[in-house]
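Quick notes on the structure that follows.
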């Protein structure tokens, strides 16, 4: 058989509106299950889109074909040509009566893990054998939804006249200061894997690009070992000229609603596989000031939060529960953070410089995004760099862009994995990335 003839349809494409009863089709995929009942044999073929039942009745079919089907090894790769018989009780509403079964590759045995869902596997086992785990319907569904989310994000930004960019991931200096960087050797110099495209996004504002977005990897050398942290992640970043923090908050909340809408419209079967009943968040999202957040936490928790503290995990859950109980919504903003606990490029308020024009977009369970109006005045920016104990000389390439006409601008960054995780209610962020990198895992 020619490779071009190994498949005519995906399993989900065999439907009464596309295929006639009795029509010949060829499906290709993996042997999900074989059920030999003596006089009848069922082979469940699985591909990316679902499953199809191949039915062989001993008295009605060639003996060699029947015996070959009975001997099929689970997870072997096969191509099956046969006639479609629509049957409500069969998987996907039809069965395939085969004329030919081609075994393209025989699977080894025993399998590293079960793909049918009958035997649960721990996350580490699944990640160690990711090539098998990716064949599970639940795993595939997560990545179909992630794909649709990123497609919708690009669609949204193109609709609003954004330019997609790609900035360096190998840099000479820290983006936001601190030590959470992975050092690498760059010929005869020390360099780092970039922790954020922040500085480059701002340079693009000086370059007149006006509205940019980027979807790309970021690297954080933080020794977290939690269900919601990764050391390599995908960041969705935005920067907008002639805008303040309220403008980009509106952009962000509308993006979230847009993506949820697209996922609901285009990922019905994947959501069904995961048992997720997705609802579009209502906009505008509630905005709480940093001071209001302190009041909420201190009224509900024994462990008090003080002005100048960052928000810990307990605080995030406490405020998230409060918002959900009072509004029925999971997304909200925290605004007006203390200047000193935000990055040096966050713009302070002119009349109360101890507060910054910054925000975090929160989910009921965790932070999803952080953003701000940026400082565009060179002297103020340099002072803020120095006030955080950083050397302006290390940011020369960045500061130059502010000396020759930098417009007011604002932006944000959002982690793709956390966004998908909270959308689907996934327990561990590692389930939302194909090959996760954390402090313990560097392979596969």
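Each residue's number is its place along the chain shown, starting with 1.
Including glycine, each Cβ sits where the backbone N, Cα and C put it.
Of the given residue ranges 198-201, 202-205, 206-209, Swiss-Prot assigns the label region 'Aspartate' to 198-201. Residues 220, 221, 222, 228, 229, 230, 415, 416, 417, 418 are given by Swiss-Prot as ATP binders; from 164, 292, 354, 367, that same site also lists 367. Taking H, G and I as helix, E and B as strand and the rest as coil, DSSP gives the region 'Aspartate' (198-201) the counts 4 helix, 0 strand, 0 coil. Just so you know, the Cβ of residue 91 (site 'Important for tRNA non-discrimination') picks up 17 other Cβ atoms within 10 Å once every protein chain is counted. On the 0 to 100 pLDDT scale, the model's mean across the region 'Aspartate' (198-201) is 97.
Around the Cβ of residue 220 (L-aspartate binding site), 18 further Cβ atoms fall within 10 Å across all displayed protein chains. Residue 222 (ATP binding site) has none of the recorded positions 91, 370, 374 nearby, counting only those with a Cα within 10 angstroms of its own Cα.
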